[in-house]
Amino acid sequence: MTKYIFVTGGVVSSLGKGITASSLGRLLKNRGLKVTMQKFDPYINIDPGTMNPYQHGEVYVTDDGTEADLDLGHYERIVDVRTSKYSNVTTGKIYQEVLEKERRGDYHGATVQVIPHITNMIKKKIMRAALTTDSDVIISEIGGTVGDIESTPFMEAIRQMRREVGEDNVMYIHCTLVPLLHAAHEMKTKPTQHSVAELRSIGIQPNMLVLRAEQPIDQEHKDKISDFTDVPVDRIIESIDAPSLFDVPLEFQKQGMDQKVCDFLHLESPKPEADMEAWKKLDERAKNLEHKTKITLVGKYVELEDAYISVTDALQHAGYLYNTKIEVDKVQAEDITEDNIAEIMKDSDGLIVPGGFGTRGLEGMITAIKYARENDIPFLGICLGMQMASVEFARNVLNLEDANSAEAEPNCKNNIIDIMADKRDEENIGGTLRLGLYPATLKEGTKTREAYDNQDVIQERHRHRFEFNNKYREAFEKAGMVFSGVSPDNRLVEIIELPKKKFFIAAQYHPEFLSRPQRPEGLFKSFIGAASGLPAQKF
C-alpha cells in the first residue's frame with residue numbers, strides 16, 4: 001500500500017518546505033524505498049510557463065514537457081528522481097479539468113462545487129501519481145501557508161485522504177517558524193501554536209513538526225510546543241539555518257526523522273537506515289573546495305536569485321568535480337556595452353548566457369559573446385544564449401550586419417534564428433513551446449561529443465519556439481562553425497561549437513535541468529573544466 005506524506009507550511013512563506021520534502025525524500029530513497037515527489041501550487045495559472053520570472057522565478061521543465069514550479073528542480077537534484085506532469089498541479093489545472101468535465105456533461109447536470117468536485121479532482125491527482133509510479137511513498141508539498149484562501153481546497157482534499165486510504169497510510173508534516181527576537185534574546189513559540197491551531201481548525205492534526213529557526217531550540221521550548229500542538233516531542237524536528245543545502249538531509253537523519261516517519265506509517269524499508277556515506281563525502285567536498293573559478297552570467301533576470309537557480313546549481317555541481325568554488329557574477333544584459341565589456345570580463349574565467357524570452361538585453365548578450373569569442377574565454381550558451389551566439393557569429397564573422405533573430409526583428413532580412421515551422425500558426429503563448437525531452441545526435445570528433453563521454457545520442461530537455469535557420473548552415477560551416485549536435489532527422493540544429501576555441505559551445509536545450517550534485521551534466525562539466533584549467537577529482 002502506498003504511503004502518503006503531506007508537507008504544509010505556516011506562519012510565513014519561503015520556510016523551506018521544498019527542501020524539507022526533498023531532504024526527507026532523499027533519506028527514504030536511500031533506505032531503498034521508491035519515492036515520488038509532488039507539488040501543489042494554489043495559483044490559478046494553468047502552469048508557470050507564462051509567468052514573469054521576477055514573480056515566480058525559474059520555470060522548470062520535466063521529461064514529458066510539463067512547465068513546472070522550480071521546487072521540482074530541488075526534488076530532482078536532491079532526491080535524484082525524475083518528475084512528470086503528475087508532479088506539479090495548480091489550482092488552474094484543477095479548475096480547467098473540472099470545467100471541461102462539466103462542459104462534456106460528465107457530472108450529469110449536478111451543481112459543480114468546491115466540495116466534492118474540486119476536492120475530488122485534487123485527490124485524483126494525488127492518487128494518479130501513486131498509480132503511475134508504483135511508489136512506496138508519495139511526498140506532496142502544499143504551496144502557500146495555512147490560512148491562505150487559495151490553499152483551502154487543497155487542505156480539505158488532504159484532510160479527506162486520511163479517511164479514504166486509512167490513517168496508517170497518511171502523515172501530515174507541518175513546517176513552521178520559531179523566530180528569535182534579538183532584542184530580548186528569546187525564541188517565540190506563539191506563531192507555531194497559532195499555525196497549528198489554524199491547521200487543526202480545518203480538521204488536520206499534524207503528526208510531525210519541522211521548526212525553522214536561526215539556532216538550536218532548547219528542550220523547554222520543544223516541550224511547550226508539544227503541549228500546545230499535541231505533537232509528541234520526539235516528532236518535533238529542528239531545521240536550523242545551515243551553511244550548505246547538503247547539510248539538511250544529514251541533520252534530519254541525526255534527529256531520526258526518516259526512522260520516525262517509517263515508524264509512524266508502519267513502513268518497512270529494504271535497508272534499516274539511509275546510506276548517506278556518498279552524500280557525506282559530497283557535503284565535505286562542497287565545504288572544503290580548494291580553488292575558485294569566476295563565471296560571468298549575462299542574463300535578463302539577474303536581480304532575482306531564483307530566476308537561474310538550475311543554472312547556478314549546475315555550475316556548482318561541476319565545481320565540486322574540479323574541487324573549485326564557483327563564484328557567479330550576474331550581469332544585467334541591458335547594462336553591457338562595447339565600452340564596458342572588457343571591464344566586466346577582466347577577472348572572469350568563463351561566460352555563460354542562459355535562456356530567456358523577448359527582445360530586452362539581446363544586444364548586450366551579443367556584445368558579451370563577441371568578447372568571449374575574440375578573447376578565447378570559455379563560453380557556454382543555453383537556449384537564447386545559443387541563438388545569440390549564432391547571431392553574433394553571423395554579424396561579426398560572416399559580416400551579415402543586419403543578422404538577427406525573428407523574435408527580435410520579425411521582418412529581418414537575415415533571420416539567423418527563425419520561428420519553428422510547426423509554431424507559426426500558434427496564437428496562444430502558454431503551452432505552445434517545444435517542450436520536454438528530445439534526442440540529439442552528436443558529431444564524432446567534437447568537444448561536445450567528448451563532453452558527453454562519446455555517446456552517439458543524448459536526450460535533453462527543451463523549452464523554445466525559435467530555432468536555427470537551416471539556410472545558413474552551409475555558410476556557418478564554411479566559416480568554421482561546427483554543428484556538433486542535431487536532431488536525429490538532421491532538421492534541427494541542437495548544438496553549435498567552435499572547435500579551435502578553448503571552449504565555445506552553445507545548446508538549444510537546457511542542460512541545467514539534468515545536472516545532479518553527484519553527476520554534473522556533460523556541457524557544464526566540460527565548461528568548468530575549461531574555465532578552471534583543473535583536473536577532475538572523483539569524490
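Placement of Cβ uses the backbone N, Cα and C atoms for every residue, glycine included.
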Record-annotated UTP site (Swiss-Prot): member among LYS34, LYS39, LYS222, LYS224 besides SER13, LYS188, THR189, LYS190, PRO191, THR192, GLN193: LYS224
Given Swiss-Prot lists SER14, LEU15, GLY16, LYS17, GLY18, ILE19 for ATP, the same-site residue among ASP63, ASP64, ASP69, ASP71: ASP71
Neighbourhood of GLY16 (ATP binding site), C-beta criterion under 8 angstroms, separation at least six: CYS175, ARG212, SER239, VAL248
Cα-to-Cα gap, THR189 (UTP binding site) vs ILE149 (CTP binding site), nearest whole Å: 24
Recorded CTP binding residues, SER13, ASP148, ILE149, GLU150, LYS188, THR189, LYS190, PRO191, THR192, GLN193, LYS224 - maximal Cα separation rounded to whole Å: 31
Position of peak Cβ density within 10 Å, selected from the binding-site residues SER13, SER14, THR189, GLN387: GLN387
Of GLU141, THR192, LYS224, GLU407, HIS510, GLU512, i.e. the recorded positions, those within 10 Å of LYS17 (ATP binding site) when Cα atoms are compared: GLU141
Cβ-Cβ neighbours of GLU512 (active site) (radius 10 Å): 29
